[in-house]
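Each remark here refers to the structure printed beneath this line.
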Amino acid sequence: MSKSAGCCKRFLHYAFDYETPKTLVIPSLGVGFVFRFTQFLVVMYVVGYVCVVQKAYQDTDTVISTVTTKVKGFAFTNTSDTEPRFWDVADYIIPPQGDHSFFVLTNMVVTPKQVQSRCPEVSHCCYKTDPITRPRAKGIQTGLCENYSTTARTCEVLSWCPLEIDTKLPEHALLAAAENFTVLIKNSITYPKFNFHRRNILPHVNSSYLKRCEFSRLTDPHCPIFRLKDIVSEAGEDFQDMAVKGGILGILIDWSCDLDWWAGECLPKYSFRRLDNKHPVNNVAPGYNFRFAKYYKTADGEETRTLIKAYGIRFDVIVFGTAGRFSIVPTIVNLGAALSFLSLVPVVADWFLVTCSRKRDLYSRHKTTHLTEDADSASVRDFSPSLSLMNLISTD
Amino acid sequence: MSKSAGCCKRFLHYAFDYETPKTLVIPSLGVGFVFRFTQFLVVMYVVGYVCVVQKAYQDTDTVISTVTTKVKGFAFTNTSDTEPRFWDVADYIIPPQGDHSFFVLTNMVVTPKQVQSRCPEVSHCCYKTDPITRPRAKGIQTGLCENYSTTARTCEVLSWCPLEIDTKLPEHALLAAAENFTVLIKNSITYPKFNFHRRNILPHVNSSYLKRCEFSRLTDPHCPIFRLKDIVSEAGEDFQDMAVKGGILGILIDWSCDLDWWAGECLPKYSFRRLDNKHPVNNVAPGYNFRFAKYYKTADGEETRTLIKAYGIRFDVIVFGTAGRFSIVPTIVNLGAALSFLSLVPVVADWFLVTCSRKRDLYSRHKTTHLTEDADSASVRDFSPSLSLMNLISTD
Amino acid sequence: MSKSAGCCKRFLHYAFDYETPKTLVIPSLGVGFVFRFTQFLVVMYVVGYVCVVQKAYQDTDTVISTVTTKVKGFAFTNTSDTEPRFWDVADYIIPPQGDHSFFVLTNMVVTPKQVQSRCPEVSHCCYKTDPITRPRAKGIQTGLCENYSTTARTCEVLSWCPLEIDTKLPEHALLAAAENFTVLIKNSITYPKFNFHRRNILPHVNSSYLKRCEFSRLTDPHCPIFRLKDIVSEAGEDFQDMAVKGGILGILIDWSCDLDWWAGECLPKYSFRRLDNKHPVNNVAPGYNFRFAKYYKTADGEETRTLIKAYGIRFDVIVFGTAGRFSIVPTIVNLGAALSFLSLVPVVADWFLVTCSRKRDLYSRHKTTHLTEDADSASVRDFSPSLSLMNLISTD
């Protein structure tokens, strides 16, 4: 045999000789039962909890979405303070585009015909002894003290005059009729990782149904048209209460989906929740309002404006969700972790074997060989099976 | 030897005696090959699929982004219905701010000189025998029946009059020229977990190039200036078709990045997709439109408005992406899972050894020792090697 | 014994006989120490790094949030170019709603009294020999050449006239006073997976504090009212510099939270960062501006507009964060991975045992049995303990 052939053979032995642990089979029902039961627990956890409940075999992706909203309805206001007025969408929806967030005007303080000029402030009294500048004034103080009314003198300011008096907010919402407005919400989503697209108007819904339906959790759970009153009451609030000072209402669309083919349909789930804090404790500026102005020019070119402090409900359409689909990597990772625990099972069973089983001495004698510290080629400690065998021979 | 020294020694033995399985080396090429091949498969899966394809060694983060958009271009309209008019950005971009979502007006129904008054409805005929209230009216019905034209009588309503007649939508988009408008998209992103910031205007691009470039997938894939017509046609739509009734077009910027140093650059990938449903089946209010009004005051202080039902294309810039960077925890988790599978390999090889290999009886006789149920210190079942050895001696 | 009973017994043996590896205990302090030390390293990694540092035992969720902003403050401008003017919120906040993104007007180019007509262009000279159409014109070119001034002739365009001259941007921001405006940011967040809701106005903060407080990283880190100057300077910018040409400033709210009960409070962390590129290199249209118009009607019904090129700072409130809470699945996965590595420890110790330890020959002789290739029932290779035993007997 040549040298290289021998070398090659040695390499083959090195690479392909299979080293396997010697094992001892113990016919003990107790130990066997402990072993199988522990194995069963681990497998149950993996199959039952990890796979069925947590769906850990899935890869996940987060939703990307676009929302269009379109409010319909009109109102007529006729209070003692203001002129009779008809309101349509162009009047009360700000901004008009119908984005994922829309504001419905329900109450307001209107200050018409403001011009840039000088006028006395509303609430800050001034006397000759007073400092003429005051914090939180509503304009640039000129330093003069003017008659605000026959009884009060206030600091004069340079501002848009007359000043807004926003304490006179109507107690009942001006556009109380807004509760009967409806909103059509169109939502289209994508899970880019799975190339999955879906709309909240479901494929099996026909156009004629969409023209007359209205969302109801029980009878029409997939109609994309919502009555504002219903949205607010589902959030546990009263529309007329909320309309006075305004607020923010979340329309939450949950697109959490299981995209595996055996999991059936992927449907949006609607829920509604008030997002601002209506309680006056640890709060500032409760409700929701903002100021905007309409600018006009008089015939002689002077700019005037109508300032509107708008109270109302901002509806925020919040789309969220996570989709899962079978993927090999998380499956392998979770199976691997489970297998690791399976490899713990013999440790448990061995511990039971050598400490709790009836014939533990016999078992551990056959299972374990103890080398003595000063062992030479043949001397091993007493209770090794080979050695007891040797003893047997010696005594023979 | 003192008692404590003995105790200490016993503890040392307990803690540091090393228990290792006894093994049997089997010089079988078949079994060895099965063993190595199964090992190879597991290692290949880990290295090839988990590491290279899925990059499971990475920790991931989701993108946070800010977008600014700026449209440029102007148009001139001169149709039989309307006066000649020049349109610039301030006229057709609503809202003007240039946020991540911008709307380009392409078609419209204008109802000028509306005032709060009474007028007959447009489409609902009324006769003396009719109920005087009707659903879906366009104002508050006064209960009267008026001459709408010489031939038709309709219900009188209290509304912004004259009423809008939105059925007369121009068949060809009024601002057909909008297809040549361009939009500059500035997008700055952050992966907060990795403290990584990036802009879609790449560092190596110079300002003079930016002033004259235009996005083209082939020649200028990193120019942030897009011609609207190109965006729409990349999404597989025709601009002039889409401009008539409006629609929503997604400009998707994918910032999925591999931030490991060996992975090279992190670049935005643009794609375009129509997000609304243009098909009339299972749809409601196809296209995209909204109403807004410009408010004026006449010389005698009366408020008038011009109501505009605006049709157009809303462009939504949607930024998404997940960045990955090497992290020890997912690496360990995935390696651990792979190791678990490696620990399965001997199970497979053992099974092959005792069921399929040629000398399976010999191998299992040497590998496995069977304790009999009524075993005492020395009696083990027949085919244990030690025992066969004993037999050998006995027969000697 | 009946046949079925025998079958049953065989099944019991098959299912419940416990197969356990035979082991050899080696009383070597060196090997034992290597074994225990490697084990210790793995356990330390799991406990210390995976559990304590990375909190890999937690399931995570991404934040969902709503933001309301309300700016307060006013300014007075009195420059040589413009009339004295008072500015309040309704004038300088665009759009007025107070969404997660708000724009504060700080500088502007105003072009009043524009009407649809013809006028000569501002900067493009034209001669008789010139082509009469030019790129980047500011209107529809009529083909005529008009006197722009006494010295220059430019192309006539059909446009909103007079044309805007946006090169005359004031060098000092017009609304320099905007640096003292304050903004109240209300932010309410949800982690839907954990059903966890929180507001940035903390429960222990009372309303009177909120009325007078102002954010300061050191003294008032949880006050939701921010002075614009402070925001900009925390981002490392100068307000007056930034106000001239505008920019985008990110108000980042980090809600990363540990929701386990032992982890204490979940508080927002504010940070500020300029999001646009202020450097002129590899940039286009630096700063932040947009054009909008206010439309008026003259007494004789002609439409005029005031075009405003608005420069200012857009503040984007960006809410991000990931919450973690103990969950059994990631815990199991991470423990499993760690266990896998623990199962590697004996491999390391065995390698040390048979290659580096002093008595390696003795150890490997007792640990490993080599079957010879032509082995029959009793022949095993030389250095198996049983065989050496046989030799012992033979020589006896």
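Placed from the backbone N, Cα and C atoms, the Cβ positions cover glycine too.
All annotation found in TrEMBL is predicted automatically rather than curated by experts.
For A:LYS70, A:VAL71, A:LYS72, A:THR182, A:ASN289, A:PHE290, A:ARG291, A:LYS309, the entry in TrEMBL reads ATP binding site. The disulfide bond annotation in TrEMBL covers A:CYS119-A:CYS161, A:CYS126-A:CYS145, A:CYS213-A:CYS223, A:CYS257-A:CYS266. What TrEMBL lists as N-linked glycosylation site is A:ASN180. Sequence annotations record features per position, and here TrEMBL assigns transmembrane segment to A:332-354.
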Spatial separation of A:LYS72 (ATP binding site) from A:ASN180 (N-linked glycosylation site) - C-alpha basis, Å: 9
Of A:LYS70, A:VAL71, A:CYS145, A:THR182, A:CYS257, A:PHE290, chain B-adjacent recorded positions (C-beta under 8 angstroms): A:LYS70
Tertiary contacts of the transmembrane segment (A:332-354), as residues 6+ beyond its ends and Cβ separation under 8 Å: 26, 28, 30-31, 34-35, 38-39, 42-43, 45-46, 50-51, 56-57, 360, 363-364, 367-368
Cβ under 8 Å to chain C, applied to recorded positions A:LYS70, A:CYS145, A:CYS161, A:ASN180, A:PHE290: A:PHE290
Pairwise Cα distance maximum in Å, ATP-binding residues per record: A:LYS70, A:VAL71, A:LYS72, A:THR182, A:ASN289, A:PHE290, A:ARG291, A:LYS309: 25
Shortest C-alpha distance to A:CYS266 (disulfide bond) - which of the binding-site residues A:LYS70, A:VAL71, A:PHE290: A:LYS70
Inter-residue C-alpha distance, A:CYS223 (disulfide bond) and A:THR182 (ATP binding site) (nearest angstrom): 12
Greatest C-beta neighbour count within 10 angstroms, which of the disulfide-bonded residues A:CYS119, A:CYS213: A:CYS119
A:LYS72 (ATP binding site) CB neighbourhood, other CB atoms within 10 A: 14
Other CB atoms within 10 A, centred on A:CYS266 (disulfide bond): 17
Rounded distance in angstrom between the Cα atoms of A:VAL71 (ATP binding site) and A:CYS161 (disulfide bond): 34
From disulfide-bonded residues A:CYS119, A:CYS145, A:CYS161, A:CYS213, A:CYS257, the one whose Cα lies nearest A:ASN289 (ATP binding site): A:CYS161
Cβ atoms near A:CYS257 (disulfide bond) (within 10 Å, other residues, all chains): 25
Secondary structure at the residue listed as 'N-linked glycosylation site', reduced by DSSP to three states: helix
